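Student: Pulled from TrEMBL, these are the listed features:
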ACT_SITE  CYS125  active site
ACT_SITE  HIS184  active site
ACT_SITE  ASP207  active site
BINDING   ASN247, ASP249, GLU296, GLU301  Ca(2+) binding site
DOMAIN    117-210  domain 'Transglutaminase-like'
Amino acid sequence: VDAVYLDDEKEREEYVLNDVGIVFHGNIEDIKSRSWSYGQFEENILDACLFLMDKAELELSGRGNPIKICRVASAVINSRDDNGVIAGSWNNSYDYGVAPSAWTGSVDILLEYYSSKQPVRYGQCWVFAGVFNTFLRCLGIPARLITNYSSAHDNNANLRLDFFLDDEGKVDTRLTKDSVWNYHCWNEAWMTRPDLPVGFGGWQVVDGTPQETSDGMYRCGPASVQAIKHGHVCFQFDAPFVYAEVNSDIFYTRVEKNGTQVVEKIDTTRIGQLIVTKEVGGDGMVDITEEYKFREGSDEERLALETAVMYGVKKQSIQETTYQPQTDVDMDFQAQKAVLGNDFKVTITFRNKSHNSYTATTYLSGNIVFYTGVTKSEFKKHSFSAKLEPSSTSSFDIVIKSSEYMRDLLEQASFHFFVTARINETGKILAVQKVLMLEIPTLRIKTKGELVAGKEASVIVEFTNPLKQTLENVTLRLEGPGVLRTIKKQFGRIPMNSTLTWEVKFFPMRPGLRKLIASLNSDALRHVYGELNVQIQKP
């Protein structure tokens with residue numbers, strides 16, 4: 001019996017044979033997608049993938065075992081502790097390497113590693129997941145790339161992310177160690193699990209992004225999705241970590257001057273709100289949250305949590321801390337759609353459901369964050385006193401100017417707003433946090449004339465600089481599996497409002513429906529993509 005047999009023909013075509021895929025990114029309120037070229041059938045890719053098993057020193061007898069293959073591959077995909085394929089970098093400086101956002105697919109990375117035997121710089125989660133997917137499909141293991149929105153990176157697997165507030169209700173960045181990733185990508189691989197009880201085969205989580213160590217190495221999985229859903233986190237490998245990524249709660253804890261900790265708010269719904277993958281046979285998104293967890297608040301969900309706790313997932317009971325939230329006032333935070341380089345406004349709304357008048361001392365902190373939720377800098381501080389009339393709603397607008405955020409902006413153009421308000425009459429604190437992504441312009445791709453396999457054709461990539469500044473050190477990349485090998489071109493600069501045009505001549509390799517994928521990278525602007533479906537005729 002084949003350990004990785006998938007009986008649906010359409011699924012086999014997608015999960016083993018499709019050489020392009022979609023990465024869903026952005027954040028829960030603003031889902032973005034981009035194409036990724038897996039290229040598992042391109043020249044020398046099979047050799048490069050077999051080399052990874054040599055590199056991981058996987059004994060020959062283990063090379064027919066998908067469980068072992070996935071376990072060692074999840075370690076060798078990242079460079080931590082074994083000089084593996086990709087060096088991660090999350091700090092926005094990518095000297096002597098390629099920015100993670102510039103890659104358009106796995107082929108260049110695997111071929112560079114195969115020839116240099118040195119880690120390729122640099123990757124972030126979707127790059128690790130994209131390359132892992134190529135590896136798995138290349139070896140005939142059905143695989144798909146998964147995105148978990150609002151993913152918990154919980155440092156001590158206690159199903160609790162702590163955001164600490166100081167005495168006045170402002171976030172204390174010094175004490176707060178846990179973070180919520182806007183999204184995190186991993187992979188699922190399809191296989192039987194003869195090492196586990198019946199019923200835990202099928203899709204398994206494997207993750208090549210180095211977050212925490214497992215048995216002494218940076219690796220994660222394979223962990224049965226079914227086991228995670230039912231809370232059976234005792235089954236190998238790394239199920240408690242994945243369970244926490246999709247199920248943690250956020251605690252807002254105020255630390256009083258004498259050190260007493262008071263829990264002001266618990267958010268049980270934000271983490272793992274949406275888990276998605278690309279649909280079979282198309283570019284759409286499918287919601288697979290239900291594969292990982294029962295409906296929030298259902299009896300089955302409670303039972304799964306109790307099971308996970310029984311099997312050693314730490315869950316702090318709320319009895320240890322005093323918790324009496326302010327229930328008669330709701331606070332909400334909205335931000336208008338914002339385009340990179342423009343001003344925009346955010347709105348804080350209070351709904352006072354009581355018959356009392358309240359005043360709320362309100363703090364807004366706007367931070368420029370990495371997509372991992374880690375703050376780079378606070379660019380906006382604003383506080384005001386809000387008068388809340390009985391049984392009424394009051395809204396307050398705050399304008400965010402582009403001059404406030406442009407200097408420190410990071411590549412995924414992501415902001416994290418923290419709003420806390422202290423009701424002066426009761427001393428209670430309201431807290432809300434929101435991620436906002438700016439709209440980043442796209443590349444335009446078009447072809448000239450008709451495309452015939454083996455005949456010269458031409459493709460044009462265009463981009464207009466939307467910023468109020470010149471873009472420096474601009475690099476473009478273009479690739480398409482079965483159409484053309486990656487081409488890179490450097491342009492010195494693009495002045496503001498001016499348009500860059502790049503024409504590439506090429507010979508399409510194989511007939512059929514194909515995809516061209518392009519990216520633009522520069523000092524001030526990254527994560528710029530474009531793509532085009534092309535039909536290549538038979539000669």
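The backbone N, Cα and C atoms fix where each Cβ goes, glycine too.
Just so you know, TrEMBL annotations never went through curation; they're auto-generated.
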Student: Sequence gap of 6 or more, Cβ distance under 8 Å: name the residues on the same chain that satisfy this around HIS184 (active site), in order along the sequence.
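Tutor: In sequence order, CYS125, THR147, ASN148, SER151, HIS153, THR209, GLU245 meet the Cβ cut-off.
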Student: Starting from each candidate's C-beta and looking 10 angstroms out, tell me which of the recorded positions CYS125, ASP207, ASN247, GLU301 has the most other C-beta atoms.
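Tutor: Counting every other Cβ within 10 Å of each candidate, the maximum falls on ASP207.
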Student: Starting from the Cβ of ASP249 (Ca(2+) binding site), draw a 10 Å sphere and report how many other Cβ atoms land inside it.
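Tutor: By my count, 19.
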Student: Can you tell which of the binding-site residues ASN247, ASP249, GLU296, GLU301 lies nearest to ASP207 (active site) in space, using Cα positions?
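Tutor: Closest candidate to ASP207 (active site), judged by Cα separation, is ASN247.
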Student: Please work out the mean pLDDT for the residues of the domain 'Transglutaminase-like' (117-210).
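Tutor: Computed over the domain 'Transglutaminase-like' (117-210), the mean pLDDT is 93 on the 0 to 100 scale.
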Student: Sorted by position, what residues of the same chain at least six away from GLU296 (Ca(2+) binding site) have a C-beta under 8 A from it?
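Tutor: Sequence-distant Cβ neighbours: THR268, THR269.
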Student: With DSSP helix as H/G/I and strand as E/B, how many residues of the domain 'Transglutaminase-like' (117-210) fall in helix, strand and coil?
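Tutor: Counting residues by DSSP class gives 14 helix, 41 strand, 39 coil.
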